[in-house]
Amino acid sequence: MSCGGCGCEAPAGTGATASEAYLSGEPVREARELVAELCRHFYAQGWVTGTGGSITVKVNDPAVPLADRLIVMSPSGVQKERMVAEDMYVMAADGKVLSAPAAKPWPNKPPKCTDCAPLFMKAYLMRGAGAVIHSHGMETCIATMLNPGAKEFRMTHMEMIKGIKGHGYRDELVIPIIENTPYEYELTDSLSEAIAAYPKATAVLVRNHGIYVWGDSWINAKTQAECYHYLLDACIKLYQLGIDWTTPEHGPLNSAKRLRSILSPEIPNGRHAAEASKCVVLDIEGTTTPISFVTDVMFPYACNNVRKHLISTFDSEETKEDINLLRIQIEDDLRNGIAGAVPVPPDKAGKEEVINSLVANVESMIKADRKITSLKQLQGHIWRTGFDKKELYGVVFEDVPVALKNWHASGIKVYIYSSGSREAQRLLFGNTTYGDLRKFLCGYFDTTTGNKRETKSYFEISQSLGVDSPSQILFVTDVYQEAIAAKNAGFDVIISIRPGNAPLPENHGFRTIKSFSEI
């Protein structure tokens with residue numbers, strides 16, 4: 001059954017209708033058959049049993065831009081392994097139904113589009129996806145139960161992580177977790193917030209429910225979904241074996257508890273530092289690394305190379321994503337009258353004009369030392385080139401490698417929380433003059449977690465780390481406002497006094513150190 005038409009031979013764009021001829025044409029038919037085939041395959045995997053789960057793909061028509069292509073979605077409440085092409089819904093790019101399946105006799109239910117439709121549309125509109133898969137695979141449900149309070153699921157150093165877009169073997173894979181609701185559509189806002197908060201995420205877990213996975217094509221979405229299911233299943237098995245999947249060495253889960261007692265010395269309040277903390281979270285600038293290195297080396301390198309980077313990578317998917325994030329930020333800056341913000345022309349104005357305006361904005365952002373995700377992500381990609389070319393080396397204070405090694409050997413998990421992107425953090429610690437220090441680190445937090453001067457950011461970190469109490473986390477920073485925010489979240493806090501750091505207020509009330517050897 002078709003739902004309207006305008007006599008055109010192809011969809012005119014988002015929200016447009018399509019002719020009967022186009023709806024019954026080869027591209028749409030192939031997409032319908034593909035969804036039916038994938039549903040049968042995923043049923044065999046245990047992902048869409050009991051009528052649960054759903055799949056959607058964009059129609060493969062190279063003549064139409066991906067954003068404007070028609071959408072095919074599976075119906076709701078249907079035995080997924082028995083579906084055929086005629087059971088599918090066809091929609092315009094804006095979600096308007098153009099073609100719905102005909103009703104079937106009892107005991108079949110009346111046709112109804114998947115309850116996942118509004119969530120699928122978020123992935124299409126916010127991520128430019130070409131396909132989205134919603135799975136009820138058992139491993140995706142159980143994994144969210146291992147730590148009921150966690151807002152993220154983290155893992156590292158597992159080969160199949162390489163199958164997730166933008167990740168390598170040594171990277172930490174972070175999957176946001178949202179809370180389940182009685183009805184699928186009620187997840188729409190929380191899914192949207194997770195997509196916005198995790199720009200590099202290609203999946204969102206729903207606690208006690210399942211997972212949403214998207215990719216730029218059905219092949220990419222399917223590949224990633226298979227990797228996510230494998231990895232989550234592996235983490236569950238590691239949990240059963242008592243092995244920690246969140247650290248590079250994958251040691252015993254309880255090693256931190258067993259080994260804390262061997263650490264000393266005592267701190268002024270009579271407790272041992274290790275007994276006070278299960279985890280250590282470190283700031284970078286002014287804490288592990290001289291402020292001068294960031295301001296005199298890293299920032300100038302990014303500023304001097306932004307134009308070259310944009311020109312050489314302009315057509316890459318990574319840089320397209322960077323530019324999209326910058327456009328969103330700049331539009332917000334213009335609305336709020338932020339000094340230095342200049343409009344970015346549309347792509348049709350030409351590559352040179354777009355790059356000129358982006359460079360002007362980025363240089364202004366760097367000069368103002370703005371702690372915003374769009375800037376930090378681009379800087380991280382520029383710095384990656386510098387580290388790859390050996391034009392940059394990470395600098396840390398000489399007491400840092402020793403402390404990291406000792407904490408690691410004692411089972412204390414160490415994390416980084418910096419306004420620099422996670423990629424930039426990995427680059428810095430992976431290319432220091434002391435060698436690769438990433439093997440001593442368990443994970444990285446950046447501004448996608450939240451502003452470092454807001455208490456809720458530290459609450460999110462404590463939820464992610466799975467400690468019994470926030471007081472089991474030691475946070476070390478050089479910034480008084482960050483120390484206050486972390487303290488208000490219940491963290492144990494130490495302020496780092498390093499050369500070049502800003503002076504502290506009198507009677508600030510925090511313990512201070514000049515070297516990690518004092519912890």
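Glycine too: its Cβ is placed from the backbone N, Cα and C atoms.
A TrEMBL annotation is a machine prediction, not a hand-curated record.
As annotated by TrEMBL, active site, proton donor/acceptor applies to Glu159.
All protein chains considered, the CB of Cys116 (substrate 1 binding site) has 26 other CB atoms within 10 Å. According to TrEMBL, the feature substrate 1 binding site maps to Cys116.
According to TrEMBL, the Zn(2+) binding site annotation covers His134, His136, His209. Take the CB of His209 (Zn(2+) binding site) and look out to 10 A: across all protein chains shown you find 20 other CB atoms.
According to TrEMBL, the Mg(2+) binding site annotation covers Asp283, Glu285, Asp478. Asp478 (Mg(2+) binding site) is surrounded by 22 other CB atoms, counting those within 10 A of its CB over all protein chains shown.
Cβ neighbours of Ser419 (substrate 2 binding site) (same chain, under 8 Å, six or more residues apart in sequence): Glu285, Lys371, Lys376, Asp446, Thr447, Lys452. TrEMBL lists Ser418, Ser419, Lys452 with the feature substrate 2 binding site.
Annotation source TrEMBL lists region 'Methylthioribulose-1-phosphate dehydratase' at 1-244.
The feature region 'Enolase-phosphatase E1' is assigned by TrEMBL to 280-519.
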Roughly how many angstrom lie between the C-alpha atoms of Ser418 (substrate 2 binding site) and His209 (Zn(2+) binding site)?
32
What is the nearest of the recorded positions Cys116, Glu159, Asp283, Asp478 to His209 (Zn(2+) binding site), using the Cα of each?
Cys116
Distance check against Cys116 (substrate 1 binding site) for the recorded positions His134, Glu159, Asp283, Asp478, keeping those with Cα within 10 Å:
His134
Summarise the model's confidence over the region 'Methylthioribulose-1-phosphate dehydratase' (1-244) as a mean pLDDT value.
89
By the count of other Cβ atoms within 10 Å, pick out the sparsest of the binding-site residues His134, Lys452.
Lys452
Measuring CA to CA, name the entry from the recorded positions Glu159, Asp283, Asp478 that ends up nearest His136 (Zn(2+) binding site).
Glu159
Enter the number of other CB atoms within 10 angstroms of the CB of Glu285 (Mg(2+) binding site).
23
